[in-house]
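Worksheet: the structure to be examined is printed underneath.
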């Protein structure tokens with residue numbers, strides 16, 4: 001028997017729920033998309049008052065299962081039970097009405113609306129005349145935020161908030177539905193260390209209130225810090241569930257990838273050549289000031305700094321996204337004027353942006369179209385026409401080399417996992433055969449197996465003589481991959497560290513000056 005969402009909601013409201021060991025359970029779940037079995041007979045069991053992490057490589061099926069539990073997708077087979085009662089979730093609204101809320105990696109809030117309006121959208125309190133009672137709405141919001149320990153003004157427009165604060169609004173909105181289950185997809189991907197600590201305090205408080213939290217993450221340290229137990233998926237199959245205290249980091253990696261990852265940072269000593277890119281006294285009014293650095297052939301220059309230090313802004317200016325106010329950019333010792341990305345590409349420069357959804361992928365296009373848009377090389381153009389067969393073969397070979405998981409090149413890129421999207425974007429730039437490669441957060445939101453593969457690719461390009469600039473918020477990545485580290489703070493370069501002398505303490509000291 002399948003209980004309708006409305007019936008289950010009534011059962012929840014009455015408190016007369018069936019006795020059950022698990023708050024939420026899914027068994028025998030199968031989901032197919034054209035050419036792909038995303039989930040194959042998987043299971044997932046969530047206990048009340050626990051944080052249950054979901055681990056796996058990109059494309060393992062984690063997000064697909066969570067979207068099924070949140071009512072976004074419907075399974076082809078299997079059963080979902082809430083507090084022991086079978087339930088069918090035909091839409092996200094069904095899930096919300098039954099106490100299951102999902103906070104997506106790309107936050108779904110209205111920037112032009114206030115905090116309170118976002119939280120109570122379509123559920124606003126009304127006065128006797130049937131109009132929205134704004135006073136009551138703001139009072140309810142204040143009470144809710146205070147209960148959660150969130151310090152926000154209910155009347156502030158969401159567009160004025162930081163990513164971390166917007167996330168707090170999403171959590172408050174989920175709790176306002178009296179949710180029993182809260183699904184969080186990569187919640188710390190864009191947060192500072194201090195913001196992560198605040199988020200974890202709120203998660204622990206929610207756990208104490210008996211809420212079951214599903215926590216999707218690629219960050220191993222978070223699993224051990226916040227999760228009570230975890231489940232691993234691989235290639236659409238359920239691998240196992242364990243208490244986080246019973247396993248080591250290496251155990252989890254083996255479960256995730258089905259193989260040993262012998263070296264996360266395969267950095268090799270390669271000959272460092274002449275200066276390829278030289279930046280002198282670069283300024284962007286109100287953003288960064290007097291930035292100077294050189295990058296040599298075969299060198300990986302790591303760029304570290306706290307959020308807001310200006311790292312990404314410098315990269316965008318060097319690539320011509322935002323032209324500089326003053327300063328000089330030289331390639332092979334000759335000053336160049338880079339006033340657009342097209343000009344940068346013509347100088348064999350490549351730029352992998354930090355936000356693959358907004359500024360990297362063209363989500364409505366397929367893999368082939370996304371990979372080929374940056375290719376301006378003569379070998380793919382003859383008499384003004386693109387040689388489509390040669391270009392398609394090159395893209396297909398690149399996908400094989402990067403191990404992109406897809407049934408074919410005509411799959412829309414929005415249907416790929418985050419890690420596979422990132423591989424496609426890297427492939428886009430590898431096809432241009434760049435001499436200068438700028439990577440901004442190249443492994444953000446990527447699983448441990450894909451990270452190792454991307455690190456290997458970066459080292460391979462350095463070995464081929466490419467000058468690499470790698471911006472990263474992950475300290476082990478900066479220290480493990482860089483020949484030198486440039487550190488920024490509040491729009492200024494505060495120092496350089498050679499690989500042999502770079503430590504986390506020294507980098508953080510320079511990043512906070």
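Heads up, the Cβ atoms here are built off N, Cα and C, so glycines get one too.
Residue 57 (ATP binding site) carries neither a helix nor a strand DSSP state and counts as coil. Annotated ATP binding site per Swiss-Prot: 56, 57, 58, 59, 60, 61, 62, 63, in sequence order.
Per Swiss-Prot, domain 'ABC transporter 1' is recorded for 24-260, and the stated evidence type is sequence analysis.
Here Swiss-Prot flags 270-510 as domain 'ABC transporter 2'.
Cβ atoms within 8 Å of the centroid of the Cβ atoms of 56, 57, 58, 59, 60, 61, 62, 63 (the ATP site) belong to the same-chain residues 64, 233, 234, 417, 419, 447, site residues excluded. Within the set of binding-site residues (56, 61), the lowest number of other Cβ atoms found within 10 Å of a Cβ is recorded at 61. Around residue 59 (ATP binding site), the same-chain residues at least 6 positions away in sequence with a Cβ under 8 Å from its Cβ are 235, 405, 416, 417, 419, 420. The Cβ of residue 57 (ATP binding site) lies under 8 Å from the Cβ of 234, 256, 257, 419, 447, 448, 449, 450, each of these being in the same chain and 6 or more residues away along the sequence.
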